[in-house]
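**Student:** Pasting a structure here, questions to come.
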Amino acid sequence: MRVLGIETSCDETGIAIYDDKKGLLANQLYSQVKLHADYGGVVPELASRDHVRKTVPLIQAALKEAGLTASDIDAVAYTAGPGLVGALLVGATVGRSLAFAWNVPAIPVHHMEGHLLAPMLEDNPPEFPFVALLVSGGHTQLISVTGIGQYELLGESIDDAAGEAFDKTAKLLGLDYPGGPMLSKMASQGTAGRFVFPRPMTDRPGLDFSFSGLKTFAANTIRSNGDDEQTRADIARAFEDAVVDTLMIKCKRALESTGFKRLVMAGGVSANRTLRAKLAEMMQKRRGEVFYARPEFCTDNGAMIAYAGMVRFKAGVTADLGVTVRPRWPLAELPAA
């Protein structure tokens, strides 16, 4: 069985084809980073228009890459939410239209479930149960996962997501969009310990996060210490260390409260090398395992949507003739498979 996956929730157009026996057959991705760079962030209207231009050509490229034709596709999966409403509607409309034209099922996919299941695409996929850390520009959540659709929210950010805090702090440091990866690169040249940032909400019980205060702390630190290159690198290092330590502390608490031995990390920020190293070290000490997707599957992509669509289709999930998206869509509302 082969599923075509379409991802258009924000500023990446991702198309992939997944075969339940052969694995990933094609993966095409177009990033709009250059389009939005001059604005310092994603402009929803521009994102939607660019998805309109790129989605169909990328589908054609994916079919060519896989050596397939439309008649070889058994189902079409598309991101139905959460995300930017206009961007979601592009992918949903194309996906639903193709499914109708090809006379195959259409499968609406939850964007964050796609991220959560992305490590399943690797050679050594995690087994249930596990604690999942979903960490991206729009979400920071800890979730107890005991099966497909069996998700319990343990904690989440009460303000900025970790990825959003990275991007905002990068902007304060004068870095271009997207700032998160550039801040991490700058942090690698920084001196540890010159500046010490707080670890928000780690001095109290619970698994919720708060990252907005770190941005304010960074702004005050920059204002008080000048902006020579080394100082900026040292501030970037202090900021990254604070975010990574906070995530690690909360993950440890979540593992202790659930008793699970496996940790899955997913979402754009999961590509951060410092975070990966710290969590791997923590799990080694706990005699547990940590799992994550390869870097290209940490950010938005069609492969995770094709795979999640395959899983959901086998569980009996399909869409009706309507084109419906949900810009806000709690993961806990998904049915168990």
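Note that the numbers count up from 1, one per residue, in the order the chain is shown.
Including glycine, each Cβ sits where the backbone N, Cα and C put it.
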**Student:** According to Swiss-Prot, His111, His115 bind Fe cation; which one of Asp245, Asp300 is annotated to that same site?
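**Tutor:** Among Asp245, Asp300, only Asp300 appears alongside His111, His115 as Fe cation-binding in Swiss-Prot.
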**Student:** Name the residue, out of Gly149, Gly155, Gly180, that Swiss-Prot lists for the same substrate site as Leu134, Val135, Ser136, Gly137, Gly138, Asp167, Asn272, please.
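**Tutor:** For substrate, Swiss-Prot names Leu134, Val135, Ser136, Gly137, Gly138, Asp167, Asn272; of Gly149, Gly155, Gly180, the listed one is Gly180.
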**Student:** Please report the Cα separation of His111 (Fe cation binding site) and Gly138 (substrate binding site) in Å, rounded to an integer.
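**Tutor:** Distance (Cα to Cα, whole Å): 11 Å.
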**Student:** Near the Cβ of Asp300 (Fe cation binding site), how many other Cβ atoms are there if near means within 10 Å?
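**Tutor:** A 10 Å sphere around the Cβ of Asp300 (Fe cation binding site) contains 26 other Cβ atoms.
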**Student:** Quick one: of Gly137, Gly138, Gly180, which of the binding-site residues has the smallest count of other CB atoms within 10 A?
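**Tutor:** So among Gly137, Gly138, Gly180, the binding-site residues given, the one with the fewest Cβ atoms within 10 Å is Gly138.
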**Student:** Return only the integer: C-alpha distance in Å from Ser136 (substrate binding site) to His115 (Fe cation binding site).
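**Tutor:** That separation, Cα to Cα, works out to 10 Å.
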